[in-house]
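Trainee: Below is a structure I'd like to ask you about.
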Amino acid sequence: MWFLTCFRRGLVMFAVRVSVLCYLLCMSSGSVEEENPEFWRSSAQNTLRSALSRKLNSNVAKNIVLFLGDGMGVTTITAARILKGQLQNRSGEETVMNMDTFPFVGLAKVYTVDFQIPDSAATATAYLCGVKTNLNTVGVSAAARNGVCRSQKGNEVTSILKWAKDAGKSVGIVTTTRVQHATPAASYAHSASRTWYSDADLPTSAVTGGCMDIASQLLRNTDIDVIIGGGRKYMTPKGFPDPEYPTDLKAQGQRKDNRNLINEWLSMKEGKVARYVWNKTDFDAVDPEKTDYLMALFEPGDLRFDVERDPSMDPSISETTEKAIRILKKNPKGFFLLVEGGRIDQGHHDSRASMALHEAVALDDAVARGLELTNEEETLTIVTADHSHAFTFNGYPFRGNSILGKSPIFAMDLLPYTTLMYGNGPGHKITNNKRPDIRNVDTSKKLTFQCFTHCKRCCCECLFSFSLSLSADKDYVQQAAVPLDSETHGGEDVALFARGPMAHLFQGVYEQNYIAHAMAFAACVGTNQEHCAATAEPDKTPFTSIDPGSSAPNTPFGAMTTVMLSITMSVLLH
């Protein structure tokens with residue numbers, strides 16, 4: 001047995017040496033210019049000049065746009081950056097996300113009062129309400145107990161969305177989940193349980209205790225100008241047919257109190273132009289210039305993943321962000337908008353990295369749309385996450401290797417593994433004491449071979465190069481170390497990117513609840529009004545950001561390295 005083990009290890013090390021030798025000979029992963037030290041020196045000097053020309057913007061933030069990637073930890077951002085570049089036929093690593101161009105970056109600590117690793121309800125209460133709380137509770141302090149209705153009375157806390165509304169600003173919510181989900185709920189609701197979506201979800205103790213479901217609070221607590229997401233079934237009576245899926249029993253209304261909250265919302269807006277829509281055709285027909293209020297609910301529950309979205313029925317998060325901003329910006333006093341890429345988190349829980357990363361790319365596209373529609377001199381834009389996931393970026397893949405693909409080096413069990421994996425989740429599958437053999441599983445993309453008439457350099461003399469057609473397996477479940485039905489969150493700090501008025505307040509490492517207070521200070525809403533009295537004249541000097549363009553060219557030869565390695569391993573293992 002020891003001999004066999006040593007022999008196998010020898011094969012693995014031989015394969016590694018062959019792979020590295022071929023890689024060093026080919027040198028095909030990087031561009032020629034990247035081999036020149038002057039390329040990197042020049043790049044660094046450009047970044048330095050950009051940093052030195054940075055001017056602090058101390059204006060009052062007329063507007064605040066908060067982009068929240070649910071579950072978008074740093075690993076997710078890095079992997080999404082590479083995917084975004086590879087979707088544009090680049091190697092990916094050198095890609096610059098829209099959020100990457102923000103001049104100020106900080107780290108937020110995400111633990112809750114009672115747990116090391118948080119959930120979206122407690123974190124949303126922190127960064128929106130400015131108070132850390134307990135797991136699974138929204139819009140209440142840590143004196144409230146999870147699921148205990150009587151404990152929430154007197155412990156309610158308000159959010160920056162309400163502070164902004166009280167200051168005369170317009171406010172809005174855009175999400176890819178149901179609008180009653182944890183993140184948006186913390187902006188307007190107070191609940192001892194994040195799962196009390198409708199009155200049908202309230203336990204008997206909550207009903208007798210007088211607690212109100214989250215959907216009802218959407219109408220009652222704060223006058224929200226724009227509400228976009230999913231969650232139709234929590235707004236209509238039990239058995240009420242869904243307009244899009246009339247025969248689907250799961251899509252029917254759930255309310256036991258026989259209320260139709262959509263109709264109630266419309267009746268509350270008498271004298272104003274209020275629109276309710278549930279499909280893209282009607283959504284596109286909404287004229288922002290002539291609309292005061294908009295409620296758009298595109299699904300009975302959460303919206304579809306972006307890669308599964310029907311563009312004829314449901315708009316993208318970029319489109320919903322644009323509509324929201326165009327409606328809200330008519331207010332001369334400004335606005336506050338929360339935009340949540342909520343299904344990043346759900347993709348990770350399913351251990352489907354492709355789904356999660358495509359959602360993150362879609363959110364970054366929405367960031368670009370938001371920047372186009374606002375003025376940096378008067379709009380504070382923030383991109384952050386509520387928490388991360390047990391998500392790893394590992395192995396030694398070559399430059400330009402598919403981010404959804406496999407490491408070129410096999411493990412000690414002589415089986416391949418993907419570059420992206422999970423610490424726990426549904427991807428843990430052991431059969432006969434072995435993990436799955438994915439040699440014949442397409443985890444990322446299919447190779448198509450195409451001959452070109454030239455080749456700059458190569459480790460063989462065939463003068464062929466290869467092109468890649470990206471056809472990601474969106475449903476592939478990455479392997480995991482620990483078996484769980486649903487992958488868990490991570491507990492490390494999350495990144496926050498900021499630009500615009502008072503963006504420099506978001507540097508360093510801070511508690512997550514600080515975010516709400518810093519946003520409020522920048523906009524002169526809430527209790528701390530010091531910024532209003534001390535505001536200097538607006539600084540009109542534009543900030544010079546890092547050029548988002550990529551200097552690194554496509555690297556088609558990376559495919560050759562991967563193919564050669566696969567052939568080598570096949571020979572060795574068969």
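Just so it is clear, glycine is given a Cβ too, placed from its N, Cα and C backbone atoms.
Given the structure is predicted, the values throughout are model-derived calculations rather than measurements.
Heads up, here are the entries from TrEMBL:
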SIGNAL    1-34  signal peptide
BINDING   D70, D345, D386, H387, H489  Zn(2+) 2 binding site
BINDING   D70, H181, T183, E340  Mg(2+) binding site
ACT_SITE  S120  active site, phosphoserine intermediate
BINDING   H349  Zn(2+) 1 binding site
Trainee: Run through H181, T183, E340, H349 for me and report the binding-site residues whose CA is within 10 Å of the CA of H387 (Zn(2+) 2 binding site), in sequence order.
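Mentor: Those near H387 (Zn(2+) 2 binding site) - Cα within 10 Å - do not exist; the answer is none.
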Trainee: Is it possible to get the count of other C-beta atoms within 10 angstroms of the C-beta of D386 (Zn(2+) 2 binding site)?
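Mentor: There are 31 such Cβ atoms around D386 (Zn(2+) 2 binding site).
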Trainee: What are the other residues, in sequence order, whose C-beta lies within 8 angstroms of the center of the C-beta atoms of D70, D345, D386, H387, H489 at the Zn(2+) 2 site?
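Mentor: Apart from D70, D345, D386, H387, H489, the close residues are G71, M72, P118, D119, S120, T123, I344, A385, S388, H389.
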Trainee: Compare the C-alpha of D386 (Zn(2+) 2 binding site) with the C-alpha of each of the recorded positions S120, H181, T183, E340, H349, and give the closest one.
Mentor: S120
Trainee: In terms of Cα spacing, which of the binding-site residues H181, T183, E340, H349 are within 10 angstroms of H489 (Zn(2+) 2 binding site)?
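Mentor: Matched binding-site residues: H349, sequence order.
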Trainee: Starting from the Cα of H181 (Mg(2+) binding site), work out which of the binding-site residues (D70, D345, H349) are within 10 Å.
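Mentor: Within 10 Å Cα-Cα: none.
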Trainee: Tell me which of the recorded positions D70, S120, H349 ends up closest to E340 (Mg(2+) binding site) in space, Cα to Cα.
Mentor: D70
Trainee: To the nearest whole angstrom, what is the C-alpha distance linking D70 (Zn(2+) 2 binding site) and T183 (Mg(2+) binding site)?
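Mentor: Here the two Cα atoms lie 8 Å apart.
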Trainee: If we check Cα distances from T183 (Mg(2+) binding site), which of the recorded positions S120, D345, H349 wins as closest?
Mentor: S120
Trainee: Relative to the Cβ position of H387 (Zn(2+) 2 binding site), how many further Cβ atoms are located within 10 Å?
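Mentor: If we count other Cβ atoms within 10 Å of H387 (Zn(2+) 2 binding site), we arrive at 27.
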Trainee: May I ask for the distance between the residue listed as 'Zn(2+) 1 binding site' and S120 (active site, phosphoserine intermediate), taken between their Cα atoms and rounded to an integer number of Å?
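Mentor: If we compare the Cα positions of the residue listed as 'Zn(2+) 1 binding site' and S120 (active site, phosphoserine intermediate), the gap is 13 Å.
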